[in-house]
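Participant: What follows is a structure written as structure tokens; I'll ask about it next.
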Amino acid sequence: EYVDIFSDRRLIMVCLLPPVMILSSLPSLKSLAPSIALASFLMALSFVFIGVLICFNWEDGVDEWESSHASLRDYLDEINWKLVPLATCAIMYSLEGDQLIIPIESSMTNPRRFGKVLIFSFTIIGLLFCVFGSACSVAFGKVDNGSITAYLMDHRTELEGFHGSTMPLSPYQFLLLTNVIVSLSVFFTYPLQLFPAIGLSGQIVCRWIHNKRYNDLDNNHLSDESTALIDFKPADKISNGHENENEPIVDMEGDSLLLRYCLVISTVVVAIVIPHLKALIALAGAVTGAATSLIIPPTLALKFTLKDEVKISKWRSILFYSLLIMIGWVYAIFGTISSVQDVISIYN
């Protein structure tokens, strides 16, 4: 019996696990530059492919859109308010790139120019979100999937404009090619997205090992605990130079191949357990998106603001950061509850 491996997403993820682990072994952002450049090219190519589909289906989509949205009431009736938390979490997930700001800035030759790069990048991203999302909604109707390519794959028979075209590829072949290109772009950018997780997880693991060794030394009643503790601090080895010149330099505290492989395997396991992309994106946005965008950064900023001596700007900043933290917790709690309910409903 013929089996289409492209329709089994779990099998695809298992097959991609070894190459992802190899690519995630690259030690620095500089070594990832070719991979990131290739991923950017593939992502731009996928935008072109989807743009072709939008053009083929634009006239039919505009006619249907105008007929179903004659007044403001039609827009409001179309909103499914129960899914608003999931949609908000998906938006939070789309801001995952803010975790890469510090790693990319620190790896630049001239970090002072990063501000202009950041503004330029976010301007392009904002325009892409608004223009591309609106165009897809008009051309294809109600998109209820976390991925536009996955949605089109499930609704390829509804692409009326494409069926009447002179394209050499069928809708299935064209969408399959687009999905492969998008998947490859995500594949080549995954190691870049892994760096913030490595930095945070490495510190947690390193401090856990340090505390465990400290407790062991305390239980053994060593006479010179301070000297013994200094020997276990990894920062001293880095600052005083490596005893072995062939020993690789670790840029992040606690970084290791074992830690990277554990993070990669954990990602694949979560993706296999939650195969529905919309639910996975919503859950990731509720948990990690809210934390990394609206909880952790304002908390750190609030900590430094409390040390500010200027009272007027100090209290304004405290109110602003406190508001962001509260909004983040609201997103995290209600978004997580809605996402978990959505995951449970999928299995039921």
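From the backbone N, Cα and C atoms, a Cβ is placed for every residue, glycine too.
Annotations for this protein, taken from TrEMBL, read as follows:
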DOMAIN    9-336  domain 'Amino acid transporter transmembrane'
TRANSMEM  35-56  transmembrane segment
TRANSMEM  117-140  transmembrane segment
TRANSMEM  172-192  transmembrane segment
TRANSMEM  257-274  transmembrane segment
TRANSMEM  280-306  transmembrane segment
TRANSMEM  318-340  transmembrane segment
Participant: Give the nonlocal contacts of the transmembrane segment (318-340) in its own chain as ranges (CB under 8 Å, at least six residues past its ends).
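Facilitator: Long-range Cβ neighbours of the transmembrane segment (318-340): 85-86, 88-89, 92, 279, 282-283, 285-287, 289-291, 293-295, 298-299, 301-302, 305-306.
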Participant: List, by number or range, the same-chain residues at least 6 past the transmembrane segment (172-192) whose CB is under 8 A from its CB atoms?
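Facilitator: Long-range Cβ neighbours of the transmembrane segment (172-192): 6, 12, 16, 19-20, 23-24, 26, 29, 32, 35-36, 38-40, 42-43, 45-46, 49-50, 53, 100, 147, 149-150, 152-153, 156, 162, 267.
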Participant: Counting only residues 6 or more past its boundaries, what in the same chain has a CB within less than 8 Å of a CB in the transmembrane segment (35-56)?
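Facilitator: Distant contacts of the transmembrane segment (35-56): 23, 26, 128, 132, 135-136, 139-140, 148-149, 152, 159, 161-162, 165, 174-175, 177-178, 181-182, 184-189, 191-192.
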